[in-house]
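**Student:** Below is a structure I'd like to ask you about.
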Amino acid sequence: MRALITGVAGFVGKYLANHLTEQNVEVFGTSRNNEAKLPNVEMISLDIMDSQRVKKVISDIKPDYIFHLAAKSSVKDSWLNKKGTFSTNVFGTLHVLDAVRDSNLDCRILTIGSSEEYGMILPEESPVSEENQLRPMSPYGVSKASVGMLARQYVKAYGMDIIHTRTFNHIGPGQSLGFVTQDFAKQIVDIEMEKQEPIIKVGNLEAVRDFTDVRDIVQAYWLLSQYGKTGDVYNVCSGIGTRIQDVLDLLLAMANVKIDTELNPLQLRPSEVPTLIGSNKRLKDSTGWKPRIPLEKSLFEILQSYRQA
């Protein structure tokens, strides 16, 4: 059994590669970084925007599964690079779908979307199901909603085997800065090491998000590749909402020093979804998946990853 992970050198890709290896899957991974190396992964240098190269890589490997992770993943950065976000996320996906179609492969594809596709959720719609109306409120959200629509179109028009996820906030050791848990943890450790004044700069702390550990996320991706229904969309989420303020409080309680907070207007986004909590009923019913790693454990391990760096 062969699996291709695009964007394998990214945060989720590394965890997914490790999980697939544990399932005795032969793993191939693409990365823009020629130097990237992962254990038990055959690495391939690839720019997802090079459609001809994408086609050659896929036709050469002939994977049974493709996990399409290569993407621009920052909501915040999407406001600064709207064109780049849309191009990479939408046209990169098109290149993968067309490569599989043109190669006439019998291959299951997982396209990775986001809770940001839902955007403005009304109070009575929470926790949000896959049937909910999409009202994305960021360029990133629009790009991922477009990916989901393309996936559905290729299933209907060409009979391709595609599943689309709407993945909510995922966290864990190794995620890049620019995501809230990492930014908080890095500042706390810098303060502990006296590299920073004992003040954490924060954005909107009232937003409510649905957090899941990345190790639970990749298990969901694997189970969906095995048991998901072609053409369906699946929320990948814990089903539990947590205020950003509460995430910060949990991290501050783990700090070795007293720390104050200060609002940084630069960390506020032009428009922000106030509450995003998902229903994972479809995922659970289809695969038997359930999250195993509690938020507190994820946050502690993120802190420890910076302390040990």
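Quick reminder: no glycine exception, Cβ is built from N, Cα and C everywhere.
So Swiss-Prot says this about it:
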BINDING   Phe11, Val12, Arg32, Asp47, Ile48, Ala71, Lys72, Ser73, Tyr140  NADP(+) binding site
BINDING   Ser114, Ser115, Asn169, Asp183, Arg209, Arg269, Pro270, Ser271, Glu272  substrate binding site
**Student:** Return the member of Ser114, Asn169, Arg209 nearest to Tyr140 (NADP(+) binding site) in space, with distance defined Cα to Cα and candidates limited to these binding-site residues.
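**Tutor:** Checking each of Ser114, Asn169, Arg209 against Tyr140 (NADP(+) binding site), the shortest Cα distance is to Ser114.
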**Student:** Looking at NADP(+) and its recorded binding residues Phe11, Val12, Arg32, Asp47, Ile48, Ala71, Lys72, Ser73, Tyr140, figure out the farthest C-alpha pair and report it in angstrom, whole number.
**Tutor:** 20
**Student:** Highest CB neighbour count within 10 A among the binding-site residues Ser114, Asn169?
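**Tutor:** Counting every other Cβ within 10 Å of each candidate, the maximum falls on Ser114.
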**Student:** Rounded to an integer, what is the Cα-Cα distance in Å between Arg209 (substrate binding site) and Phe11 (NADP(+) binding site)?
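**Tutor:** Here the two Cα atoms are 19 Å apart.
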**Student:** I want to check the contact list for Arg32 (NADP(+) binding site): same chain, sequence separation of six or more, C-beta distance under 8 angstroms. What comes out?
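**Tutor:** Arg32 (NADP(+) binding site) has long-range Cβ partners Ser45, Leu46, Asp47, Ile48.
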**Student:** Using Cα coordinates, what distance in whole Å links Ser114 (substrate binding site) and Lys72 (NADP(+) binding site)?
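**Tutor:** So the Cα of Lys72 (NADP(+) binding site) lies 12 Å away from that of Ser114 (substrate binding site).
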**Student:** As a test of the contact definition, list every same-chain residue at least 6 positions from Glu272 (substrate binding site) whose Cβ is closer than 8 Å to its Cβ.
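**Tutor:** Once residues fewer than 6 apart are set aside, Glu272 (substrate binding site) is near Met137, Asn204, Ala207.
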**Student:** For the binding-site residues listed here (Phe11, Tyr140), tell me which residue's CB has the most neighbouring CB atoms inside 10 Å.
**Tutor:** Tyr140
**Student:** Do you know which of the binding-site residues Lys72, Arg209 has the most other C-beta atoms within 10 angstroms of its C-beta?
**Tutor:** Arg209
**Student:** Helix, strand or coil for Arg32 (NADP(+) binding site)? Use DSSP.
**Tutor:** coil
**Student:** 10 Å Cβ neighbour count around Ile48 (NADP(+) binding site)?
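**Tutor:** Taking all protein chains shown, Ile48 (NADP(+) binding site) has 25 Cβ neighbours within 10 Å.
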**Student:** Secondary structure at Ser114 (substrate binding site) (DSSP, helix/strand/coil)?
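**Tutor:** Assignment for Ser114 (substrate binding site) reads strand.
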**Student:** When DSSP states are folded down to helix, strand and coil, where does Tyr140 (NADP(+) binding site) land?
**Tutor:** helix
